[in-house]
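As annotated by TrEMBL, transmembrane segment applies to 6-27, 39-59, 65-86, 93-111, 123-144, 156-177, 183-202.
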Amino acid sequence: MDWVLLLSRLCIGVTIASNGGGIPVFVDIVRKGTTHSVPFLPFLAGFVSNTACLAYAMLRADSVLQIVSSVGMTMSTIYVTLFLFFSSKKSTTFRQLMLSGVGILSVYVYLTRIIREPSAVEIQLGLLIGFLITGMNMAPIADIGNILKKQSSDGLSLSMALAIFVTSVLWVLYGIAVDDLVLSLPSISGVLSGSVQFYLLWSYPAKGKAVKSE
């Protein structure tokens with residue numbers, strides 16, 4: 001089997017599986033009836049990024065990215081909906097969601113009504129995706145200052161950290177294989193983010209777990 005084909009199948013399988021990385025988080029949210037200290041940004045960033053990636057995949061006719069983005073967008077929609085329902089700060093969460101919606105609509109109008117030229121649209125969309133993927137990957141550690149201050153990794157998830165790390169490694173390799181810097185370069189941030197999260201989870205256990213271990 002061609003190694004690029006094997007790599008593409010791994011990307012599809014692992015990325016789709018990694019989209020389930022948020023399931024343990026939401027099982028806990030549903031059980032507690034509140035989002036408590038779980039940050040909304042990673043899930044919102046995932047929704048926006050998957051939307052942009054799906055548009056890019058259709059433009060590039062990349063079937064691998066189309067499948068992954070479609071599943072990711074579906075899962076992200078479920079996560080965002082559940083987060084909004086159980087959010088302890090509904091007004092803030094809803095406002096962030098509306099702002100992201102306005103942003104998506106603005107980009108759509110810009111690319112389809114102002115730019116139009118396919119090659120230019122691909123470049124502009126590629127730059128946007130690079131920014132979004134980096135933002136999505138780094139979102140879980142956006143509150144690193146607070147984590148270090150409290151010396152507790154509450155809000156971080158081992159399953160999500162592992163999902164980000166493994167999928168990012170695969171997309172770096174796939175991007176190199178198909179000569180697509182839009183996929184490979186931004187994914188490096190996921191390798192970095194996953195590594196930082198592993199360190200924080202190991203160095204500063206969640207307080208609830210720390211109490212149980214005592």
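Glycine is treated like the rest: Cβ placed from N, Cα and C.
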Query = Near the transmembrane segment (93-111), which residues from the same chain, at least 6 beyond its ends, have a CB less than 8 A from one of its CBs?
reply = 40-41, 44, 47-48, 51-52, 80, 83-84, 87, 121, 124-125, 128
Query = Out of 39-59, 65-86, 123-144, which stretch has the largest tally of CB pairs under 8 angstroms to the transmembrane segment (6-27)?
reply = 65-86
Outside the transmembrane segment (65-86), six or more residues from its ends: residues with CB under 8 Å to it = 11-12, 15-16, 19-20, 22, 26, 29-30, 33-35, 38, 40, 43-44, 46-47, 49-51, 53-54, 56-58, 93-94, 97, 183
